[in-house]
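K.L.:
Let me begin by handing over the structure; questions about it come next.
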Amino acid sequence: MRILGIDPGLRVTGFGVIDVSGHRLAYVASGVIRTPTADLATRLGTIFQGVSTLVREHAPDQAAIEQVFVNVNPQSTLLLGQARGAAICGLVSGGLPVAEYTALQLKQAVVGYGRATKSQMQEMVTRLLNLTGQPGSDAADALGMAICHAHSGSTLGTIGAIGGLAPALAKKGLRVRRGRLVG
């Protein structure tokens, strides 16, 4: 199964594509869609077109996107919601089912700790996918979203606590201690 993860943003939208076979995760592609400094409609169109192109190029079976959180600034929340909507339209227009996860669920599934930092997310994504270099934070979050979806269902929320990722971490000489990755 191929999963496309999206980390929505008005200026930068991250994407990550992974293949899942049983418990094995394989990196396919990742990167960002950057919008031009332009009016809102142009930026949303860029996000929609970019996501639509990703769907055509990588032919994912499913997609996962981060839910919007209510920010201190309502205007920022509305803009993020619009960017997210443009990305969802690109996914749905390609015929994909779209799953949604909160940032807390994402971090819990990937790192085993719901309040993990961006650098912890990047490190875990790098290790789980055996990447030679560390992806940028937007691409790492999108790859993490795909990983989260791969581990969703009966295991979501229990991966760190019950050991869904513990064997993978142990093979890499890592473990989670007090919410932090330790070697």
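In case you wondered, yes, glycine gets a Cβ from its N, Cα and C as well.
Okay, these came from Swiss-Prot:
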ACT_SITE  ASP7  active site
ACT_SITE  GLU66  active site
ACT_SITE  ASP138  active site
BINDING   ASP7, ASP138  Mg(2+) 1 binding site
BINDING   GLU66  Mg(2+) 2 binding site
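Set these features in their place in the structure for me.
P.N.:
The C-beta environment of ASP7 (active site), restricted to residues of the same chain at least 6 apart in sequence and closer than 8 Å, consists of THR13, GLY14, PHE15, GLY16, ILE65, GLU66, ASP138, ALA139, ASP141, ALA142, MET145.
In the three-state DSSP scheme, GLU66 (active site) is classed as strand.
In the three-state DSSP assignment, the secondary structure recorded for ASP138 (active site) is helix. Within 10 Å of the C-beta of ASP138 (active site) we count 24 further C-beta atoms, all protein chains included.
The 10 Å shell around the Cβ of GLU66 (active site) contains 25 further Cβ atoms across the protein chains shown.
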